[in-house]
Amino acid sequence: MSTTTSQKPSSSIGTVLNDKMVCQYIHRVTSRGIWFGDNPFDYTTPVLMAELALMFIVNSITYYSLRPLRQSTVIVQIIGGIIIGPVILTANKELWGALFPLRSKLIVDTLAGFGITLHLFVLGVKIDASLIRHIGRKAVVIGLTAYAFPLVLGGSIFQIMQHNTHSDSKLGRGLLFTVTLNSVSSFAVISTLLTDLNILNSELGRLASSISMVSDACGWLLAVIVAGLGSALNFSAIKPLIGILVVLLYYSVMLFILRPLVMIIVRNTPKGKPLKEGHFLFILIIVLGIGFVGEALGQHSAVGAFIFGLLLPDGPPLATSLVEKLDTVASRMLLPIYCTMSGVKTVPHTLAGKGPLLIIEESIILAGYIGKFAGTILPSLYFEVPLWDAMSLALIMCCKGIMEIGVYTLLLDIQILDSRLYTLSVLNMVIITAIATFIVSFLYDPSRRYMAYKGRTILHSKKDQSLRMLVCIHNEGDVPPIIKLIEASNPTRGNPLSISVLQLMELAGRAAAILAPHHQLNITPYEKTRYEQIVNAFNYFERRSPANVMVQHFIAIAPYASMHNDICTLALDKMTSIIILPFHKQWAIDGTAESSSSSIRLVNKNVIEKSPCSVGIFINRRPVGGKQPVLMSQSFYRIAMLFLGGADDQEALAYSRLMAVQPNVSLTVVWFKSWGQGTDKNDSNNLESELIMNDFKANIAVSKRKMAYREEVVKDGEGTTQVIRSMENDFDLFIVGKHHELDSKVTLGFTEWSECPELGIIGDMLATSDFPFSVLVVQQPQGADADPSSPSPTTKHLPCLLVLSLSLSQRAVMSGIPNGEEVTRVCLRLPPEVNSKGVWGKSSPLKYSLPLLQLQLLLIYVVTQAVHFVLKRLGQPKIVSQIIAGLIVGETVLGKIKGFNEKMFPLESHDAIGTLSLIGYSLFMFLIGVKMHVDVVLKTGKKALATAVFGLFAPLIVGQTVSVLAGGILAKQGTNTGYLGLLSNIQSLTAFPVISSLLCDLKLVNSELGRLSLSSSLITDLFSVLLVTIGTTLQDAKNISPVVAAFDVGTATIFILGAVFIFRPAMFWVIRRTPEGRPVKDRYIMTIILAILGAGLVSNLFRQYVVFGPYILGLVVPDGPPLGSTLVEKLDTLVSGVWLPVFISVCAMRVDLFAVAWKNDDQLWFNMSLILIIFVTKIIATMLPPLYCKVPFFDALTVALIMSCQGAVELAAYTLLRDYQIINQTTFVSGVLAILFSASLVSTLVRHLYDPSRKYAGYQRRTIMHSRPDSELRILSCIHNPDSIAAMINLLDASCPTEEKPLAVYVLHLIELVGRASPLFISHQIQKRTDSDRSYSENIILAFAKYQKNNPETVNVQVFTAISPPKFMHEDICTLALNKLTSLIIFQFHQKWAVDGSIESEDRNIRTVINSVIDRAPCSVAIFVDRGHLGQSNSAVSTLWAYVIAMIFIGGSDDREALSLAKCMARDMSIRLMVIQFISTVEEEVNELEKKLDSQVLKDIKFNNIENRCVDFIEQRVEDGPQTALIVRAIANETDLIIVGRRHNVESPQTSGLADWCEYPELGIIGDLLASSDLDSKASVLVVQQQKLLS
């Protein structure tokens, strides 16, 4: 019901027909501020922000208070809700009524329901449902008994109690549901708990996960059947069978229709790339539709979402992308609302005075937990699970979480549970789960199993026994050095190696950890492809050593915090003697530390601490110039073993002696002794060291192997360092033990600067970046002698632990608001009706807030996507589609249908969707602030500054003048003209967020005009804020009070200063706390979101628009990685792709085009005339500065059009003015139409006026072929992957730079734009570098600086960095090539090869960039296909050449350019060049000019250089393409590099029949053949295209 009134907003509560009702005013979204007498808590947005902020604060305090007790997040949040509600706020009725007014319950409960729906969908996506097929008999039996025992025991006690007490049917039904719920152990809850306890991938954790799957499957099966049957029986005359069939049809549609649609998306997602935004929105639309249909069938929307998530594949790319995009908002922001509100709903005082009844209810509830405990522990003991492990398992199964609290809350909402039973159930759940979690954390330690094991070592292994090694691999880069180390470990027939290869992957996008051998893998195709590359490399190594090496492959997917459990378990099962771990740092080509992973370091430290055998940490450094030869090369290994004494050094020596048997290994053992050191006969370690060393020296005397021994006497650690430095160039690998005496003189002073204690004193010193050799640090196992079946020491104090655990900018708008405005009041039933009872109850789902919100969002998304599908082909931006969608859904189109608005958008739903969309807009403005690079303002040139000033002040002055002069006409007609000044201001402004979004849609972000527009709009934004502040302050001082005006300015200033000097330093602290290469932790992200909510609340209190505070906070957040990029990655898709379209559409829904008198409304036409005058003035004024700076006319017009565009910011302003009735519907329509007109017109005109590729058009020759012989060769080298630096330098060096023809190299590092809105182009001066650009391209700068230093007279290098979106990256490349007058642009191919010749990875974005540059480049282009072996000659003909290069010549401009480049390389006498010309034996039409040019360029090769031994010319006559392919394949096996022309769309008999098989057209036919993964060759390929000239 609704009424219209003009009184001050308030709410009232009463009873109507026995229903409790609350009546309130709607359209109260944001307040006007305390100075207007508004209570901010009478408005939905401030109330919701305050509620969320309070929840986050209390939950954070509770979490850190209970962290020593190891409590799960859900339990903490429920406890937080109990603290907020029953404990604190209910004691103060006024405070409770202010923070949690009854009128806000509908919004917060709806938001919570939406949150749990998304969260359970994400949980379902993480779960691999197929794992249930691989569950063993033990887990099935325990799972069935764990489900049946509590069901039978609880049900029996319930029947006895009900029979004896004759309780009412409602209470009995509630208890029956409670018994059923307590029987289930949810897999989602158990897996989350195991992750929190860091035992997910332990033996007990895997068993618990399997058991919970069985229990969960039983529970879901029973729930679906009972729910469908119960709904049908209770609410419908339809037969129960029909109800069940409808539910089965519902899930069948998910399985057989929706799932295949999503799988199509997965198959079309490029390998290694995330989901596209459109695909993500499509899946979200499906989830909303499933939720609504589920609600219509009487099921909670979260149930259908969870089942649909289960049906989707876990892991990358789908699950990983969905988790990354949804998890922060769904699980970290919205889910805590649900859990906290569940705690708030408890009413402990209802338990008082219910003695006998309370005892009955408690007995039935506890019977379920006791049955669960007994049903788990008894079969566990039967299957010989150790007692304490069985007890831990039983306690884990008793734990409850989000699934159970969700069902309890649903039962409360649909009144199956009353407040007392709900409170009792929740309190039991919280207490028992808290106690069980606390006990398990002390009772079960998975490391006991392998720490109590008598450790295996190399030193104590039998000589005739094979050496068993476990090598751990994190990524493909670990493979070559590990194989190199294994190769040096002397695998022979007499002493074979048994290698267990364990690939370690972080658990992401799935809930269950995996530890499985290669043949039992159940992982996604993407993960399998990555894994197969490593398997192939080791298998190739095994095939080359068939009798010496045996390799087994395993994979472990687990959280880093518990990954050591898998490593140690596998080492124990395989009885390995040593585990080889890669060091957490990787070194760059110049010897500096390239990257560091704190997560890998954590794994290494845990393995060292708990390993059942010896451990070796391998610190690999690669030499400058490329990759080491890996697979069974005949390299000679020079190894030094540093011996100081002790068990670890003895183990290291044993491993070194094993290596020394290898013929290609030389071993030198250096024993460091201090002055005056002797042998202490009472020291067993020293005596043992003497015996071992004497045996080694005796072995040297009789052995013919390359072994040496020497002693070094030193005074202190400095002397030790000097000795090691004197050896650094003589050895490739140093081996050392970890533990040494801290008080030894040999290591004196080392402990003062230890960086990596896990390496020991000497190992840490050797791991510093200024040593050139690799290091292996060895440690013997630290095992214990305890009985693994005995309880841990903590269990002795278990009773004490049990006792302990039990004891635990709006100001401008608002200044003109009238005191009384007409508002509408609606009445809502209490408690809020959130979830539908289903169509079986003869009640429309649209009467309930959650399904109604889902259907509203679904309608908006579907209409928006449908409109955009049509308009994007016309070049229209997204905002045009979103506004039109709002017009269609709103009053203009669908609203005219009778009853549509009353059902789809009833009055009581306006505040909910309006508040949620406004919070989404606040987050959007925060992200826009984060993306802004404010430093751009300080570096802005005069052109951008003048453009901004003219573009702002000229239309502002003209608009205000016209408003004053012509506004009198309207005033005479009785029309209020006070709004005209605001209308002029809005039309004159240029918003940075709008311009940034427009340029992204137009793909002009990093064009020259795009950069000018971004800089100008940013300056305009800052000027606008300044002008609005001054204007509103003067207006406030005049209309209200000078004190109020001063206070407003003061509060805004204090807020900005606080953001700059408090919030910004805190953000830098977060950055310092974030390890390099890792994302920012979730708790920091949630703290930032809390700050956003607080900033919005404070803004609303003091007459600023609610987005003011979030926008300011965004501006002070450092953009780019790690913080800015993490915030954008986690929030941007959901905020910009989901929330913002809803906000824009909701704003546009207020427009009713048919409510305006188009012919007779003078105000409408005056508004449109004023808007048009300001628009034209802005265009003219903005054009003047660029024209003055000699910018071409059409380019200047393009800038003016871009700067005149309007969008979301202006729409928000008009909506705010309309909601506060400062403007009427006519003016609101005028403003929205102006936005729609400008956005569509500007987009269309700019696409036709400006093409940035025009300036790259080739009117002048810039090729190698046409360059002068004595001129400098200028090459632009594009680097997108630091791994390609060495290969690129080798290729450049092969071009033979000389003093007569030097080489100018322009290196452009391509970085994807993440976490900022404005692209960056940085010029690095190698000699003059600043701190601001030190963080970018560091390794590239150092590597190419070293290359220039090694060639001082012949090479000149300049390094640049381009940070921009991949789809716009070609602009930076072509612009730099044009400005530097380069003759050639070199790209690295988008595919990267693994060590076994397979494709390791590919980057589709780089392929897009390459194709864009090929079409637009102002010079020649080359694509370098690097197979990783350039510089290691593959030729079997001769070993005299550094490189053997083949140039394949068929004919045409591209081949001529390729031959010109090959000639440059042939100047180097260490390079052998073979030019092979393919001549057709078939007659063909020949272009005489082309034939003449080909002959001319081949002339000097045929005659002038025919005597030169470095150059060979070969003619091959072929009939067709297949014959050409056979010859090319043979050539590939004899060369290091093959140069070919692209010859795109050039047909000839030599390539006939090959075009049909071409996979990568950008390489041409021959280039594609050579780059094929089917070609078994190590030869790299260089494909050349000559510059395209305009005719």
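Any Cβ shown, glycine's included, is placed from N, Cα and C.
Sequence annotations record features per position, and here TrEMBL assigns domain 'Cation/H+ exchanger transmembrane' to 61-443, 863-1245. Positions annotated as transmembrane segment by TrEMBL: 73-91, 106-127, 390-412, 424-444, 912-932, 944-971, 977-1000, 1084-1102, 1138-1157, 1164-1184, 1196-1216, 1228-1250 (among others). What TrEMBL lists as domain 'Cation/H(+) antiporter central' is 501-626, 1303-1433. Under the heading domain 'Cation/H(+) antiporter C-terminal', TrEMBL lists 639-783, 1445-1587.
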Leading contact stretch, 1084-1102, 1164-1184, 1196-1216 vs the transmembrane segment (977-1000) - CB distance under 8 Å: 1196-1216
Residue numbers, six or more beyond the limits of the transmembrane segment (912-932), whose CB comes under 8 Å of its CB atoms: 27, 29-30, 44-45, 48-49, 106-107, 110-111, 849, 853, 856, 992-993, 996, 1018, 1092, 1096, 1106-1107, 1110-1117, 1119, 1124, 1127-1128, 1131-1132, 1135-1136, 1138-1140, 1142-1143, 1146, 1208, 1212, 1315-1318
Any contact, the transmembrane segment (1196-1216) to the transmembrane segment (1138-1157), with at least 3 Cβ pairs under 8 A: yes
Ranked first among 61-443, 639-783, 1445-1587 for CB pairs under 8 angstroms with the domain 'Cation/H+ exchanger transmembrane' (863-1245): 61-443
Secondary structure tally of the domain 'Cation/H(+) antiporter C-terminal' (639-783) (DSSP, helix then strand then coil): 61 helix, 34 strand, 50 coil
Residue distribution over DSSP helix, strand and coil in the domain 'Cation/H(+) antiporter C-terminal' (1445-1587): 59 helix, 34 strand, 50 coil
Mean of pLDDT values spanning the domain 'Cation/H(+) antiporter C-terminal' (1445-1587): 82
